[in-house]
Structures are given as structure tokens and as C-alpha cells.
């Protein structure tokens, strides 16, 4: 809109939108990084490399990245709070504001709400009360949970065949003979125009950075729920695509939908690093991260130029399916 006021040209509006998105992302993301005390370089790698095509685009993906980033940073802070009553008023209002902000971004990010179950302040009181129940009480609770799950299954199964979706999900991502490129593209974080070995190296570097960035211990419940959030998002998006078009579900589900959720592996990887006493200096983590971003960015520019001016094909996008 600002670019349109300057000069009503599609080119000006396009580049104006791109520049505005880049500036907006850079400023807000900078403050989010400063606020992140648990995995700032991991977050930089995931969103700057994974979003290299988006942060300089006129799309609203930038807003999605920023809201999701703010949510996971805030979630990392909430994990350290033991009891609900210890949550300050400002923190509570900020959390509610972030949750409401999900209404304005891409719908698949809503699966991140599953991670809220991994907050110790929420699940520990429930576990403590369950442990105090008598044998009869535990039996009744188990029957109640099974009943609720059964009713939910029957209700959902009328709208979509859950068994069929699960079967196709396994065939596309767990069956080596049938999955083809479907499983490979799930972990595609770098731009799809780059060679696959670049993506493999990036994933390895990302997990090394996660492991060496902070010596922290995360609660077991948090590790499990946060890691499962990636699976919930994966299956949820596949189910959505399957309902819309069964034949194109696996093709449409690409790594760009899942890569932001890699951040939820931070607790698991950091616990693993502490268990095996994996150590890296802060300087080494910073250098490894910065050079990774620089090298991938340069490669991306070179490949984009080559595809555009030499091969004369779509420069920034390809389908790995």
C-alpha cells in the first residue's frame, strides 16, 4: 500500500512489498533472537535458511514466521515456570495475544498448540492427581478416556476415513517400496533448487548447533510432547491435503510446511547433548551458524542465476516429487 502511494506501478508495488517484508522481518526477528535464551542460533538457522525464499517475498508468510517464532520463544520461557500462579500478568496477556494471532496466519501452524500440553505447569498437576487416585479411580478414568476417544473416532470417521488416511500416510512415508521421494522432501529445509546433499549437511549442522548451543535439562514430559508436535503437524497437514485431494496429498506436503516445527526438537537434542557431554564454545556455534547461512545463501544466488539466465527455467522453485 505504501509503495502504491509512492508510484502506482506493479513493479514498484512488488518490490516495495518485498523490501517492506524484509525490513519488518529483520527488525522483529532481531528482537525475538535477543529474547531467546535457549536456542537462538537454532532458530536463526531454521527461519533464515528455511525461509530464504519467503522473507524477501510480498507474501504474508513473513507474518506467519514471526508469529510462530514469537510463540516458540515464549513457550520456551513458559517451560521454566513450575506453577500457573507464577505466570505474571504481562506474560499471560502476551501468551493470549500470540495464541489469538494464529487466526491471522496460515492454518497449519495451529498444530503448534499441541506443544502447550508439554508445559510442566499443565501436565505435572494432572499426573500428580492421577497418581493419587485409587485403583478403582484409575480404572474409571481409563474407561472414560477410551470412551471419549471412541466417540471422537466415530464422529470423525463419518466425515473422513481415518483408517484410510493412516494407511496412506504409512505407505507414503514409512514403506520404502512405495514412498519414493515423498519422505525425502519432508526434510527439505534449504531451497528445493539446491542439491539434496546440501540439505543433508544443513540438517546435520542444525542438530549439531542445537546440541552444542546450551547445556540445559528439559523435563521428560516436555521433550516427549514437543517432539510429538512435529508428528502431529506432519499427520495433520497430510490429512488436510488427503481430504482435499487424495492423489496429490503426498506431493503437496513438502518440507516448507514442516521445517519451522524442527524447533520443537530442541529439548530432545539438548538433553541428548548433555547426556553425552557434548560441548561447543559459544564462538564455535556462532561461527558454524553464520558460515552455514552465508554459504547456502551464496549457493542459492548462484543456482538461481544459473537457472534463470542459462537454463531459462523457473529460477527459484522446483518440485522434488
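Even glycines carry a Cβ here, placed using N, Cα and C.
From the options 62-87, 218-243, the stretch TrEMBL describes as transmembrane segment is 218-243. By the Cβ criterion (under 8 Å, sequence separation of 6 or more), the transmembrane segment (255-273) is in contact with the transmembrane segment (218-243), since 3+ such pairs are found. Between the transmembrane segment (189-212) and the transmembrane segment (288-306) there are 3 or more Cβ pairs closer than 8 Å, counting only residues 6 or more apart in sequence, so the two stretches are in contact. Sequence-remote contacts of a segment are chain residues at least 6 beyond its ends whose Cβ falls under 8 Å from one of its Cβ atoms, and for the transmembrane segment (139-156) they are 130, 133, 162.
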